[in-house]
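Visitor: I grabbed these lines from TrEMBL:
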DOMAIN    68-103  domain 'EF-hand'
DOMAIN    104-139  domain 'EF-hand'
DOMAIN    192-227  domain 'EF-hand'
SIGNAL    1-19  signal peptide
Amino acid sequence: MDVYSFMCAALLCTVVVHGKPTLRKDRVLHDPELGRQAHEDNKSFQYDHEAFLGKEEARTFDQLTPEESKDRLGKIVDRIDGDADGYISTAELKAWIKRVQKRYVYENVAKVWTDYDLNKDNKISWDEYKQATYGYYLSNPEEFEEATDQFSFKKMLPRDERRFKRADLDGDLAADREEFTSFLHPEEFEHMRDTVVLETLEDIDKNGDGHVDEDEYIADMFAHEDGGPEPDWIKTEREQFSDFRDLNKDGKMDQDEIRHWIMPQDYDHAQAEARHLVYESDQDKDQMLTKEEILENWNMFVGSQATNYGEDLTKNHDEL
């Protein structure tokens with residue numbers, strides 16, 4: 001990808017991320033690819049498959065025959081059973097789900113690494129990242145003069161530099177894989193959480209007073225395009241703001257309150273999914289799963305549509 005194409009793609013991504021939505025936006029941080037949503041009642045088990053396998057691998061399993069799916073599921077079960085006692089506990093299942101979701105983050109970084117590591121020294125310096133991402137803008141600023149402030153590279157550049165320096169733990173302005181992962185996925189790293197909170201505040205705080213008031217909170221989720229009445233869910237969100245977001249009841253959210261909102265400590269998605277899988281598959285109700293119980297309920301864990309699988313059966317799916 002040439003620099004200009006890359007910059008256009010970057011701008012498009014910025015518009016997608018920062019554009020004002022007409023539909024509800026969820027800023028609460030979830031495990032990668034694993035959001036807070038109800039389990040499906042139609043027995044398609046898509047949510048369970050993506051939680052247990054990851055989104056990409058779930059698609060792969062959808063191409064396998066039932067027999068192939070069960071065989072691969074058995075191999076996965078052996079890996080989940082860390083103490084090899086023949087039983088899968090909720091804790092082991094939770095650890096597996098967290099591992100699967102974490103894998104998505106590192107695979108994402110691996111896909112883009114070579115786009116930024118320009119000198120191939122297995123590190124990405126701030127100058128390399130700046131050149132790959134902003135080089136065209138820096139060389140041709142006049143082409144971006146008509147861009148609105150919201151989508152302005154001029155604002156994005158210092159924000160990225162601030163985040164890069166926060167991720168650069170040794171201060172050498174060159175990110176190794178772990179540092180670059182925390183730069184691209186700051187929500188996954190404790191030392192980057194303050195940066196996530198600050199960027200959220202900056203995105204929503206339109207009047208620049210360092211706080212998020214109720215109208216800014218609502219405007220981040222919903223835009224009145226036609227001047228019509230607010231949807232019913234907006235009324236609920238206004239009540240949420242008053243009752244649960246504005247903890248000190250001063251009419252606005254500060255950074256601590258924003259952290260409490262987007263990083264809730266009272267819900268563990270992996271734990272909830274692990275408990276769900278155990279509850280649905282635990283035939284003898286001993287709070288543990290055997291391989292037999294999992295294989296008996298294989299459709300919930302991996303499923304299979306047995307469609308278009310001829311080509312995919314030749315691929316190696318044992319990386320899990």
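Don't overthink the numbers, they just go from 1 along the chain as shown.
From the backbone N, Cα and C atoms, a Cβ is placed for every residue, glycine too.
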Visitor: What does DSSP give as the helix, strand and coil breakdown of the domain 'EF-hand' (104-139)?
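Guide: The composition, in the requested order, is 27 helix, 2 strand, 7 coil.
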Visitor: I'd like the per-state residue tally for the domain 'EF-hand' (68-103) from DSSP, helix first, then strand, then coil.
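Guide: So the domain 'EF-hand' (68-103) is made up of 27 helix, 1 strand, 8 coil.
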Visitor: So what's the average pLDDT for the domain 'EF-hand' (104-139)?
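Guide: Mean pLDDT for the domain 'EF-hand' (104-139): 93.
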Visitor: Please count the residues of the domain 'EF-hand' (192-227) that DSSP assigns to helix (H, G, I), strand (E, B) and coil.
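Guide: Residue counts for the domain 'EF-hand' (192-227) by secondary structure: 21 helix, 2 strand, 13 coil.
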